[in-house]
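K.L.:
Next up is a structure, given as structure tokens.
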Amino acid sequence: MKNSIYPIALSLFLGGQAIAQVAADDASGLKLTMQQGAASDVRVSRQAALTVQKGESVSALLPAGQYEAVWEGHLKIDKRSRVYFSFEGNGSAELFVDGESVLKEEGKLGNEETKRLRLSSGEVPVKIVYKSGAEGAGSFRLMWRGRDFAKEPVPHALLGYKADEKVAQSQLIRMGRGLFAEMKCAACHEGGKGMPEASEMGPSLAGVGSRLDEHWLAEWVMDPSALRHHARMPKLVENKEDAALVAAYLGTLKTDSQAKLPKGDAATGGKVFHQLGCISCHQTEQGQDLAKWGDGKPIELFNAGRKYQPGALAAFLKEPGKHHASTRMPDFNLSDKEASDLAAFVRGLDKAENKPTGSADVAKGKELVKAAHCASCHDGLPEDAVSKTGFTALAELAKNGVKGCLSGEGKGPKYKLTDTEKKALAAFMNSEQAVRSLINNNRAEYASRQFENLNCAACHTKDGESARLGHVHPLSAAYAAGEHKQGGHGTTPPDLTFVGEKLRADWMEKLFKGELEYRTRPWLKQRMPEYHSRAKGLAEGLAAQYGVTPETVEVSAKDEPGKTLFGMQGGFGCAACHGAAEAKPVAVFEAPGVNLLYAGQRLRTDYYHRWMKDPRRIDPLTIMPKYFVEDNTTTLAQPLDGDGQKQMEAILQWMKSLDQ
């Protein structure tokens, strides 16, 4: 699913020179080898960048403490170029280009740069050796500048490495570690706290009988994968009779009735479904081509209508995390009517009807729930349904390899796993270092896992990989009756290639928590959902991936030159496309620009200046003009004597003052 604009983006990275396309056997990013004490690990890093806090592990598979990080790979250069390299961060670092040491620095990094280097066309080998401070905290970014572009992080698009067995094994172990957490193995087999997902619980069973239909519960308990192909809940019973007993008991766990929501309209709900892009994560009909979702693993909706008690589906859509704090279902902050309409639409997709349930021995059902240790993964059960029996500790379990629950034998839980998933779990369980890693956390790796688990690539393009929604959106077009289509540039969710270096981590956390009182792009039909339980870790992890550290918003006095430069008279005419607080844009072309009221809270300072200096270097399809001409001057001789850096800083200070 490569984005069609990717070759254009590559051609701009070296001042208009075309960059060679990635070879089929070449992987993007760099090989990163990390050493902490006697232990080592290797993984892929999208850039030569990292940020590690005191007490944090540089790798999910290594303990915290002082470390060495070595990036290896090559630059992909199409034509001979002349560039200068430098560092940012703190610690000690050394850069090797084509086998030669060209820069070495220690302490606060960034005070020096290389002499001008000539890079020949082709693959230019690079290696960076970085060492943290004594307590393990550190940050690093590899920067460069050229004749035609200002200093910037060396772009991911120009970095490559040759995949090898060590990298492949590391990726397999990490996949197994992620599965171990996703399958809630640590709920029974204690391995220590550190990895955030390992302590996440499944949906609460408090009041489950008021929310879910008893017949559907029996089907789910009998075989979760029969209703959801990629279900992680194991099969816990041997026959339909036991499944019915469990469902009967769970059906007695009731709470007060659901909040009354308005009656929904299925046709209107179909339009909401299409507008929000729900098809990117959900299959609506049997027989749809699953290849269109790529690795997206869509969740089936054609059997979801009968899952819920009346009114419960709308209540779930209205507040997905109410009974499952760690749910991956996004919270779109739906209105009561939207939730009801969408629920009516989803119910209409399910053509089957639930059969009435007969009487069952509820007491036997309770004993089955207790024997199956349901309380290990689900809270909300009465005390007399909770088993006190313990399980084998994880360290001992690892010595036995992949047996027990994962063997598929005996009367224990039975998971539906692919051969690759079984290999990944075996690789994780057979590595003592990996098993111990559950007490570790690396924020950058957490963000990578969540980017995949939350299916961010469904709506957002990143690193040249187009958003999945563009491939599957036509499948739900019929539900919208022409109401909404994927639009052109500026009318789709933003590209996330530069997200960690572009957006402030504290602002991203508020965005993910749903604490912002505004939408950055209110003209989009799609909405950025809320992920309350993951907000802080995801925001900090995205920043750590790009090697940036927190910055504070420092607001100077309201800058009148900035206001003038923003305006249509004597300024750059920013007001044509951008609103500023209550002032609306005066001459929008294609799509409006983001209102600048909260730009100072949202954008990182260094990224802002890079963007203002050359917008098309970051986004080749942007309609944002380039105002810099040469020698740091702009198209305006006044104010500030035409000094581009001062003029752009004046605009930034003025924007920061708008919400004061």
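The backbone N, Cα and C atoms fix where each Cβ goes, glycine too.
Straight from TrEMBL, here's the annotation block:
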SIGNAL    1-20  signal peptide
DOMAIN    25-158  domain 'PA14'
DOMAIN    171-254  domain 'Cytochrome c'
DOMAIN    264-350  domain 'Cytochrome c'
DOMAIN    360-507  domain 'Cytochrome c'
DOMAIN    557-659  domain 'Cytochrome c'
K.L.:
So what's the average pLDDT for the domain 'Cytochrome c' (557-659)?
P.N.:
92
K.L.:
From the DSSP assignment alone, can you count helix, strand and coil residues within the domain 'PA14' (25-158)?
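P.N.:
Tallying H, G and I as helix, E and B as strand, the rest coil: 3 helix, 85 strand, 46 coil.
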K.L.:
Please list, for the domain 'Cytochrome c' (557-659), how many residues fall into helix, strand and coil according to DSSP.
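P.N.:
Summed by class, the stretch gives 47 helix, 7 strand, 49 coil.
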